[in-house]
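S.K.: According to TrEMBL, the protein carries these features:
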{"type": "TRANSMEM", "residues": "B:20-37", "note": "transmembrane segment"}
{"type": "TRANSMEM", "residues": "B:44-73", "note": "transmembrane segment"}
{"type": "TRANSMEM", "residues": "B:93-115", "note": "transmembrane segment"}
{"type": "TRANSMEM", "residues": "B:127-150", "note": "transmembrane segment"}
{"type": "TRANSMEM", "residues": "B:180-203", "note": "transmembrane segment"}
{"type": "TRANSMEM", "residues": "B:237-263", "note": "transmembrane segment"}
{"type": "TRANSMEM", "residues": "B:311-333", "note": "transmembrane segment"}
{"type": "TRANSMEM", "residues": "B:379-402", "note": "transmembrane segment"}
Amino acid sequence: MSDFGFALQLMGIGMITVFIILSLVVLIGNLIIRFVNKYLPEEVSKKVEKIAEQTTALNRKKVAAIVSAVKTVTEGKGHVTKIEKMS
Amino acid sequence: MAILEKLYNMTAIQDFIDGPGTILMLVIGALLLYLGIKKKYEPLLLIPIAFGLILANLPGGGMGVVPAEYIQIDEHHYKNLFEIAHDHGIMNFLYYSLIKTGFLPPIIFMGVGALTDFGPMLRNLRLAFFGAAAQIGIFTVLLSAIAFGFTPAEAGSLGIIGGADGPTAIYTTIMLAPHLLGPIAIAAYSYMALVPVIVPLVARKLCSEKELRINMKEMDKLYPPKRKIKNLKAVKIAFPIVLGIVIAIFVPSSVPLLGMLLFGNLIKEVGVTVARLSDAATGSIMNTATIFLGLTVGATMTSEVFLNVQTIMIIVGGFIAFAISIAGGILAVKVYNLFARKKINPLVGATGLSAVPMASRVANEIAIQYDPKNHVLQYCMASNISGVIGSAVAAGVLISFLG
């Protein structure tokens, strides 16, 4: 086979391989998301819900940001149990 | 008089007179330094490459990388590292131990992985397909380069520039055509630096104003995603582990690059417990690797190797590969939009090549010019990150078939 014919074949193989691998990326991503959603839903979101129920003035995104910030700063050891607006 | 002659012979003046190519190479080195320092074109790599080039071309300095034949004893035996250092100097010691072994590109990929956030891609998984379409430039230029007289291995190294990923281009070239390493590295990093010029050029030629105005967030509101991620951190930790194993099964030759990328990403996502590892991967290790990679790649560019027609063809071919890759991603989105209700902005396709995150930032700026509320950065990052995986897989295929 000529070099050009071989390169043409390689083009087909290469593009199909890349497409298959990225299809697998999509498939694996979706499977992991399904598995995690079913068996490992985030605790923080439950906590956010709980805290957000107590607070009316703060919106949920702000509560989520505060909970995440506390978690990061305390390296996962600290927890927000209540948020009160001072004024 | 004899003493004066000896003194003259000690200097490199006669070498400069005998070899005008040396002076031309020093001018090229100075130009690259100017682009890196003044214009800030990929300065982290361009400055070490340019200085390595200058060192390699200083007559009598012994800093230029010698061809592989010089260190080969017979068909399967090479000089050991002590002999290389003794016979050819420290630059060859660094090149043959760190570059020729394929050591540094995967190390840099580990750092890239530790800097990469797969979150945008996981939130918009269907956009990952456009990272595949944008690899078309690699294979189109492979074909063209063969037509212009390159060997298949050389053509593969040239084509990989279209992946817009520096470490991938260098790794592939080391494996397939190490004698072209210098010009290919220069072309790859120069065009990555020129992403803010090339992406708008191709996107404006191929997209209508209406297409560039497609608002992805509005589309998300009209057609909301089927499922939300309830624990993104857990998904991000599991993803590199599972993906690494699956890719290793299908394209094992891409594992040195992708395996290290995914490992780097894993230590980033695990978080504070291994923060020291991710700090090292993105800091001291990556910076050290970048210095040695730049200097040694630059040192391969001696006047005898660099000043030829092939170099010019690589520079031109690299640009074409880059442009075709961008066009391939855009055209894939256009075809998708013909059949889908939920339209996608073609700029998402334009970022299907690597060059993370600059390509996404440039695409976002273009979208904002047409509609100030249309922030497409997160969506472009999805195809941009999948482009990194796509180009590494394409490199794996090329190495498997041509190596």
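Using the three backbone atoms N, Cα and C, a Cβ is placed for every residue, glycine included.
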S.K.: Among the recorded stretches B:20-37, B:93-115, B:127-150, B:180-203, which has the greatest number of Cβ pairs closer than 8 Å to the transmembrane segment (B:311-333)?
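M.R.: Of the candidates B:20-37, B:93-115, B:127-150, B:180-203, B:127-150 scores highest.
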S.K.: Could you give the residue numbers and ranges of same-chain residues that sit at least 6 residues beyond the transmembrane segment (B:20-37) on either side and whose C-beta is under 8 angstroms from one of its C-beta atoms?
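M.R.: Here the qualifying positions are 43, 46-47, 49-51, 53-54, 57-59, 186, 190, 193, 298, 301-304, 306-307.
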S.K.: Counting Cβ pairs under 8 Å that sit 6 or more residues apart, are there three or more between the transmembrane segment (B:379-402) and the transmembrane segment (B:180-203)?
M.R.: no
